[in-house]
Amino acid sequence: MPERDSEPFSNPLAPDGHDVDDPHSFHQSKLTNEDFRKLLMTPRAAPTSAPPSKSRHHEMPREYNEDEDPAARRRKKKSYYAKLRQQEIERERELAEKYRDRAKERRDGVNKDYEETELISTTANYRAVGPTAEADKSAAEKRRQLIQESKFLGGDMEHTHLVKGLDFALLQKVRAEIASKEKEEEELMEKPQKETKKDEDPENKIEFKTRLGRNVYRMLFKSKAYERNELFLPGRMAYVVDLDDEYADTDIPTTLIRSKADCPTMEAQTTLTTNDIVISKLTQILSYLRQGTRNKKLKKKDKGKLEEKKPPEADMNIFEDIGDYVPSTTKTPRDKERERYRERERDRERDRDRDRERERERDRERERERDREREEEKKRHSYFEKPKVDDEPMDVDKGPGSTKELIKSINEKFAGSAGWEGTESLKKPEDKKQLGDFFGMSNSYAECYPATMDDMAVDSDEEVDYSKMDQGNKKGPLGRWDFDTQEEYSEYMNNKEALPKAAFQYGIKMSEGRKTRRFKETNDKAELDRQWKKISAIIEKRKKMEADGVEVKRPKY
């Protein structure tokens, strides 16, 4: 066996007298135990592709070397790494003794480095009684300085990133800490001396016979003015509530603490109230002096007359259609939807009222234009020119009810000219009282005034119904949940009728063409023209009969 693994080695030679080339003799020879041992000692031939095999471990070399034994080398390596691990554990133990887990201390609440800062930050602004201005200012300044130093210096003296002896800020901080410690030590030394010098309470030296006397003494000599808490000044603290929020009923209100400069002091409020009272009294006295005896008391009769002459004041309220505000603590979403629906309806009503007012203004303007045109037309007519009924249309906006007014006015104009007969076919029986003596006057000048019927024409007071017009609201149509029950919603959907706005501006386009709003007015106008033709024919007939000497019956009122 080779001494080293890297040295090449060969198989041992065959025994003497053994012919390997002759297979027959090999099979015929008898093998003994010695041959079997030699066969076992012969190593196996390594394949060409495999690396050379190592020597057998159980075969001992001629001279044993501990460095060449793999087991010995492994034992040495294990012991070496065990020593390194032990040294590392000892070093970590030494570091752990010097190391402080600050995160764990903060979690446990035992961090000693920031006790002073935490004490100031937690108790400076939460006192039962408000401190004085100087104490408040000094505490706030000290707290602000500690915060800035902690941010700038990166912690306390032991763990700061600044270099000792080179940073001026660190030097100032160390000096301030030394000065504060010396001051605290001096106060602690002086405190026992002051306690010893403190006298006893004078109340203990005085003997009181009654409890009333003791209470009087305490009220006179030991009463102290209570210090006010600055947070409870008038107007200092207020509640902030978001009214636009849908869940404002259940939300917790936010408290707002105003600055002391924004809050008025008690002295200023008292002075202001006193000045207001004095000024109001002086104003009242001066008004009495200016009026003198004019403002004397009236007698009962004069007082009654004065009250009768005084017109009643109109109660003008610009918000009369809105209603009173009734706050409620619990509102369901259904109530909120109902209120929104009512608000939308009120907005629509206001829009409709404005549109109606604009339409009335336009109608008045058109009426003025018609009056001016009639005046000009009247000036152009000749004095004895007869009216052309068929050629000149009349602008009458009134419906069929305007005929009664027209006949009544004609009766007043032509009273006494002729009798009343044959007009029953034109009028209803109940209209006879209104017509009166249609031809009462014989000296009628109706034919001399061709523009009389134009003067009698009046416009209709009927307004266009804009309730069905689509106002163009952006809030959209009403849905099922805007109504309380299904019946109300069904009734609304059955009666809903909305026309586009263009239908009221340009009319509705039908099969025979576009018909505007004047369509109904032209029909009334044609009906009025037909009735006027019949009345004119009756007037002519009565005139001829009266000219021929035929007696004509006159109606009685």
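Every residue, even glycine, has its Cβ placed from backbone N, Cα and C.
Scan Swiss-Prot for phosphoserine across Ser280, Ser287, Ser442 and the hit is Ser287. Within the set Lys54, Lys297, Lys331, Swiss-Prot records SUMO2 cross-link at Lys331. Residue annotated by Swiss-Prot as SUMO2 cross-link (from the set Lys379, Lys404, Lys525): Lys404. The SUMO2 cross-link entry in Swiss-Prot, when matched to the candidates Lys38, Lys533, Lys543, corresponds to Lys543. Candidates Lys209, Lys413, Lys544 were compared with Swiss-Prot; the annotation SUMO2 cross-link appears at Lys544. Lys496 (SUMO2 cross-link) is 88 Å away from Lys98 (N6-acetyllysine) when you measure Cα to Cα. Within the model, the region '17 X 2 AA tandem repeats of R-[ED]' (342-375) shows a mean pLDDT value of 87, rounded to a whole number. Look at the recorded positions Lys98, Lys137, Lys496, Lys541, Lys544 and count other Cβ atoms within 10 Å of each Cβ; Lys98 has the fewest. Lys496 (SUMO2 cross-link) falls within neither a helix nor a strand when secondary structure is assigned with DSSP, and so counts as coil. Shown for the region '17 X 2 AA tandem repeats of R-[ED]' (342-375): DSSP residue counts in helix, strand and coil, namely 34 helix, 0 strand, 0 coil.
Across the structure, Lys544 (SUMO2 cross-link) and Lys496 (SUMO2 cross-link) are spaced 59 Å apart at their Cα atoms.
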